[in-house]
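Shown next, in structure tokens, is the structure this report addresses.
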Amino acid sequence: MKATIIFLLLAQVSWAGPFQQRGLFDFMLEDEASGIGPEDRAPDMPDLELLGPVCPFRCQCHLRVVQCSDLGLDKVPKDLPPDTTLLDLQNNKITEIKDGDFKNLKNLHTLILVNNKISKISPGAFTPLLKLERLYLSKNHLKELPEKMPKTLQELRAHENEITKVRKAVFNGLNQMIVVELGTNPLKSSGIENGAFQGMKKLSYIRIADTNITTIPQGLPPSLTELHLEGNKITKVDASSLKGLNNLAKLGLSFNSISAVDNGTLANTPHLRELHLDNNKLIRVPGGLAEHKYIQVVYLHNNNISAVGSNDFCPPGYNTKKASYSGVSLFSNPVQYWEIQPSTFRCVYVRSAIQLGNYK
């Protein structure tokens, strides 16, 4: 009888599947549960590579996303999984990005370093990131943009830093770049090198808002579709500053000190659809609106406009070749709404699209 029981037990063991160790932490926990100490274990340790990548201490890892945000880290964690595609390090206390911090992260697509204390980035820190597309550096202490950014980069956001210079060299070879965000930096016009953005052939969106620039940056790429320069100290819009921007669809110049827009400026942006010039010091409606074929939204509220001509917005008669306006704002200007001829807005899509009001 005893022999029969032993035989059945041996058979059951032989039918069981092979033991599979799930991870290093499982291995350690099983030791604790069983009371087995190092002296009781065979001297051969498991190959760590077979156990798979280990998530950095206190971070969370899931589906090639490594989240190490809000941990009070003062440096980039070591031994990041090499298959990581998104690394989130925001809201920490990192002060410096060093060479080797991102070694072996050849598959990283997105790097989030927002809201740290970074003041220095080594020139070769991003060199290993051969597939990086999105780099978020906002809310740090950078005085310049990093050098040798990956040529695969498509989106760079570095607002709310201490950047005073934008050199053309930092963007050399970045032919895939689409979005550049540099708002809320102590930038001056003299700090932006002429043609700094010109080499980026696919650049579509630039935002340099809430800085100290007094002019529109020169040498902007013709691929640009949106230009946001709100909240600066620009005093005038020269026709030459927008020359060649044939694809520009949205121009944001709100909250500046603009008193004049040169004649011919709008002719240099033939596909413009939205023009934001509210909260400036304009004394008249910019010229060229009536002749512009595609423009549909014009914000001119909170200016010093004292008169509006009957042909300021629409061409004489009813020109069906011009797109109808879907939004025109003129409130908070000295001009009284009853002084404006009803025919002035003959090319507006609906009357509700017109915003008029008394001057305060």
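Using the three backbone atoms N, Cα and C, a Cβ is placed for every residue, glycine included.
Summarising the annotation, Swiss-Prot assigns disulfide bond to Cys55-Cys61, Cys59-Cys68, Cys314-Cys347 and lists similarity to another entry as the type of evidence. According to Swiss-Prot, the O-linked glycosylation site annotation covers Ser34, on the basis of similarity to another entry. Marked as N-linked glycosylation site by Swiss-Prot: Asn212, Asn263, Asn304. Summarising the annotation, Swiss-Prot assigns repeat 'LRR 1' to 74-94. Annotated repeat 'LRR 2' per Swiss-Prot: 95-118, in sequence order. Taken from Swiss-Prot, the feature repeat 'LRR 3' covers 119-142. Feature annotation from Swiss-Prot assigns repeat 'LRR 4' to 143-163. Per Swiss-Prot, the feature repeat 'LRR 5' maps to 164-187. Sequence annotations record features per position, and here Swiss-Prot assigns repeat 'LRR 6' to 188-213. Summarising the annotation, Swiss-Prot assigns repeat 'LRR 7' to 214-234. If you look up Swiss-Prot, you'll see 235-258 marked as repeat 'LRR 8'. What Swiss-Prot lists as repeat 'LRR 9' is 259-282. Sequence annotations record features per position, and here Swiss-Prot assigns repeat 'LRR 10' to 283-305. Residues or ranges marked as repeat 'LRR 11' by Swiss-Prot: 306-335. What Swiss-Prot lists as repeat 'LRR 12' is 336-360. Annotated signal peptide per Swiss-Prot: 1-16, in sequence order, evidence recorded as similarity to another entry.
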Cβ packing number for Asn212 (N-linked glycosylation site), 10 Å threshold: 14
Of the recorded positions listed as Asn212, Asn304, Cys314, Cys347, the one whose CA lies nearest the CA of Cys59 (disulfide bond): Asn212
Residues in the repeat 'LRR 12' (336-360) grouped by DSSP into helix, strand and remaining coil: 10 helix, 3 strand, 12 coil
Cβ neighbour count within 10 Å of Cys314 (disulfide bond): 20
Fewest-neighbour residue among disulfide-bonded residues, criterion Cβ within 10 Å, set Cys55, Cys61, Cys68, Cys347: Cys61
Mean of the pLDDT scores, which run from 0 to 100, over the repeat 'LRR 9' (259-282): 96
Coarse DSSP state, helix versus strand versus coil, of Cys68 (disulfide bond): coil
Sparsest-packed of the listed glycosylation sites (Asn263, Asn304) - C-beta count within 10 angstroms: Asn263
Structural state census, the repeat 'LRR 4' (143-163) (DSSP three-state): 0 helix, 4 strand, 17 coil
When distances run from the Cα of Asn212 (N-linked glycosylation site) to each of the recorded positions Cys55, Cys68, Asn263, Cys314, Cys347, the nearest one: Asn263
Cα-nearest neighbour of Asn304 (N-linked glycosylation site) within the listed recorded positions, Cys55, Cys61, Asn263, Cys314, Cys347: Asn263
All-chain count of other Cβ atoms within 10 Å of Cys59 (disulfide bond): 18
Residues from the same chain, set at least six apart from the ends of the repeat 'LRR 6' (188-213), whose C-beta lies under 8 A from its own: 159, 164-168, 171-182, 219-221, 223-234, 252
